[in-house]
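Participant: So that we are looking at the same thing, I have put the structure below in structure tokens.
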Amino acid sequence: MKKTAFEKSIDPASQTLLQKAENEGIETAWDRYEQQLPQCSFGQLGVCCRNCNMGPCRIDPFGEGTEKGVCGATADIIVARNLLRMIAAGAAAHSDHARDAVLTFKKMSEGEAGSYKIKDEAKLFSLASEYGIPAEGKSREEVAVELANAMLLEFGKQNGPVLCTKRAPGVRLRLWSELGIEPRGIDREIVECMHRTHIGVDNNATHILLQGLRTGISDGWGGSMIATDVQDILFGTPEPKKSTVNLGVLSLEKVNLIVHGHEPILSEMIVEAAENPELLELAKEKGASGINVVGICCTGNETLMRHGTPIAGNFLQQELAVITGAVEAMVVDVQCIMPSLGGLTGCYHTKFISTSPKADFPGTVRMEFHEEKAYETAKEIVRAAVENFPNRNREKVSIPEEKQECMAGFSVEAILNALGGSPDPLIEAIAGGAVKGIGAVVGCNNVKVQHNYGHVNLVKELIKNNVLVVTTGCNAIACAEAGLLVPEAAVLAGEGLKGICEALGIPPVLHMGSCVDISRILVLASAIANRMGVDISDLPAAGAAPEWMSEKAVSIGVYVVSSGIYTVLGTIPPVLGSQEVTALLTKGLDSVVGASFAVEPDPFKAAKMMLEHIDKKRKALGLK
Amino acid sequence: MKDVIIRPERCMGCHSCEVACAVAHSKSKNLFLALGEEPAPKKRIYVEYIPALGASMPITCRHCEDAPCVSVCPTKALSRDPVTNTVSHNPERCVDCWTCSTVCTRFSSLYQLILVAGCWTSSMNCNYGVISRQIEAGVRCDLCKGRELPACVEACPTHALVFSEVVGR
Ligand code: SF4
Ligand code: SF4
Ligand code: SF4
Ligand code: SF4
């Protein structure tokens, strides 16, 4: 049964464009999902192994057929190994992004990437001291070079611990070390996952999962955290600012250039180049009234957080943006970019420009980006978009009206600032019961869930019950589109939370950045736990990923739980083929790291589970 | 009547049809929930590997027009519905004599093939072709009563199974 546009998304702008796609006979992710149905059960359960060439092997989930792979691997072993590989891939994606950011930082410090500057000097020096780099008598560039080198060492380190794990509360650190899951080096853990899952190495589900936890921690408290830190130095630490979201931010009169993907390194330059007078002049010549740079996914979140650049949508809106017919250039870097964009942009005048040396897609114009001439490349890209403006086919253009105000830019620094410099007011609000707890809601979109339905309903339920929500990634964009990221949304919050938001002039849902920036949530949780003298697992806090789909999300889930935060997943991970792994994730982990996973597709029930957990933690802390 | 038509040359051996069949005959009708059910849901379609051909072949009841299994059944546990034209099995009357399984034409044509190809597949020891001896699960394909499209047909990624009108069998 074909789903209608209304059943595919809760967002009116997306519904309009889904309808347009249908009328024009354009295929979207939803159509391709329907063509995949029913999806392979072996894959859904995680009981298919392709790790060697005696396979592929698969286990009969109903116990009538094969119970073991050729090598003797059981469902438990196969599921655990597959999960470990997902974690490794997710951690690799974040950490490789981080490495590139550090390399840019290093080139800048050495004077080889002239387009970049140190935007947050205070953060540079505070990080330098955290990394044990003395600053006296050195120029800030010298300090920066040393810091860049020290950060690079974190990747290749063999005997850890990964330095930023020190930001975790002492009790948590000791727990990790006792369990033997303190990450030793970022790359080392990822490589070890691949080694352990080779045929005939690690064949004990629990033992395999422990390496999964360690790899997750090396992502959250390593790769991701470094990415956030170094991007703050280079591009500035975000501060609250207003902007607009949703497909309606595309402009009828201006050249529309979309930056999509995950790395702010190039997009920062594009934002700058779009203000270049010469290019603005060219835009006028071509009949446009200006240049409109907007974001999608986390590249969008990065530019939103630092420049207030509007966002056109989240993961499932990338195709819809092109379908407006009003996009001159779709500029992409890495991660979560649908290869379908190639064929799709071909149906319109849109130029599909890929910029990362490590990512390519069918149908792209490659304009590879290198730090040495970042600004020049950015200018070329903007120029290509501007020159494409006259090719826009006015008859095919339809931009939805919907756009929504939002407030973003809540880095930890900004949150503490808003609180007057320390987490104390928030802790008092929690202790007093005005704020019941903190909910961290993050993650992707997934066609298996009505677009934004899980995100928006879960978050609304939480704030209604006085849970302050912190968000990143596609959830943040979903919340923004639903109007939850404005101070006025406080009216949707329970009495206690509403009072706090009104007093501080903040929204009940705080946009903390991109997916890599979930590291900011860890730092915030640590700051609160440290101030209260407890472990993160004692906090009245819970996490959720209502519409997750990527391997990065698996790694994130793992480090959030390893850090002590109970997490509810909205889509079912491919582990149910093993009772042992399922039991470990949903129960066993609790006695190991003080938190576990739960799966609940219904956002209302998921919110209830998070609230119950928060209540339990409040009770344990002696709070009413 | 409409029946599941098998096109063995398209079969990839993925066993998706088997899993889908078991799920369709579970209490919950949901893969994830079916896993925990007692008794475990059972399939009524079998993907057999024919070594000499190096190929796999899904085998399921054809609901034959002359249904020899029905005519030999001593207790009338098997019957053919004159309206829906499907052959069904009533476990309450079944005395486990397995006479039916020895006359199943679907099985005997496979048996012929196996004789020619010179092999015997392992699950044949307990499962005579299309009639499963796992009586508790219902002996065989019911063409997914109540579904628009049989689960196995829906699940097959290569359309090795199609559901269509059978003429002049
Ligand atoms: S590693 Fe074992 S289970 Fe996996 S494909 Fe090879 S033999 Fe099969
Ligand atoms: S069990 Fe065999 S003989 Fe009986 S109806 Fe089915 S295919 Fe025909
Ligand atoms: S039609 Fe239904 S009962 Fe018959 S084999 Fe296919 S899935 Fe099983
Ligand atoms: S689902 Fe189709 S391809 Fe797969 S085993 Fe069954 S008949 Fe063969």
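Residue 1 is the first one shown; counting continues down the chain.
Even glycines carry a Cβ here, placed using N, Cα and C.
A quick note: this is a predicted structure, and the numbers were derived from the prediction, not measured.
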Participant: Among A:CYS71, A:CYS164, which residue does TrEMBL annotate as binding [4Fe-4S] cluster 2 together with A:CYS49, A:CYS52, A:CYS57?
Facilitator: A:CYS71
Participant: According to TrEMBL, A:HIS262, A:CYS298, A:CYS336, A:CYS474, A:CYS515 bind [Ni-4Fe-4S] cluster; so which of A:CYS193, A:CYS406, A:CYS444 is the extra one listed there?
Facilitator: A:CYS444
Participant: So which of the binding-site residues is most packed in, judged by how many other Cβ atoms lie within 10 Å of its Cβ, out of A:CYS48, A:CYS57, A:CYS474, A:CYS515?
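Facilitator: Its Cβ has the most other Cβ atoms within 10 Å: A:CYS474.
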Participant: With CB distance below 8 Å as the criterion, list the binding-site residues among A:CYS40, A:CYS71, A:CYS298 that sit near chain B.
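Facilitator: Listed binding-site residues passing the 8 Å Cβ cut to B: A:CYS40.
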Participant: I need the CA-to-CA distance for A:HIS262 ([Ni-4Fe-4S] cluster binding site) versus A:CYS57 ([4Fe-4S] cluster 2 binding site), whole Å please.
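Facilitator: Checking the Cα atoms of A:HIS262 ([Ni-4Fe-4S] cluster binding site) and A:CYS57 ([4Fe-4S] cluster 2 binding site) gives a distance of 35 Å.
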Participant: List the residues of the same chain that sit at least 6 positions away from A:CYS336 ([Ni-4Fe-4S] cluster binding site) in sequence and have their Cβ under 8 Å from its Cβ, in sequence order, or write 'none'.
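Facilitator: Within the chain, A:CYS336 ([Ni-4Fe-4S] cluster binding site) has Cβ neighbours under 8 Å at A:GLY261, A:HIS262, A:CYS297, A:CYS298, A:PHE315, A:CYS444, A:SER550.
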Participant: List the residues in the vicinity of the [4Fe-4S] cluster 2 site, defined as same-chain residues other than A:CYS49, A:CYS52, A:CYS57, A:CYS71 with C-beta within 8 angstroms of the site's C-beta centre.
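Facilitator: Close Cβ neighbours, site residues excluded: A:ARG50, A:ASN51, A:MET54, A:GLY55, A:PRO56, A:GLY69, A:VAL70, A:ALA73, A:ILE78, A:ILE199.
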Participant: On the three-state reduction of DSSP, what should I expect for A:CYS474 ([Ni-4Fe-4S] cluster binding site)?
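Facilitator: A:CYS474 ([Ni-4Fe-4S] cluster binding site) sits in a helix per DSSP.
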Participant: With a radius of 8 angstroms around the mean position of the C-beta atoms of A:HIS262, A:CYS298, A:CYS336, A:CYS444, A:CYS474, A:CYS515, what other residues of the same chain does the [Ni-4Fe-4S] cluster site pick up?
Facilitator: A:CYS297, A:ASN301, A:ASN314, A:PHE315, A:GLN335, A:GLY473, A:SER514, A:SER550, A:LYS552
Participant: Express the distance between the Cα positions of A:CYS40 ([4Fe-4S] cluster 1 binding site) and A:CYS57 ([4Fe-4S] cluster 2 binding site) as a whole number of Å.
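Facilitator: Cα-Cα, rounded: 14 Å.
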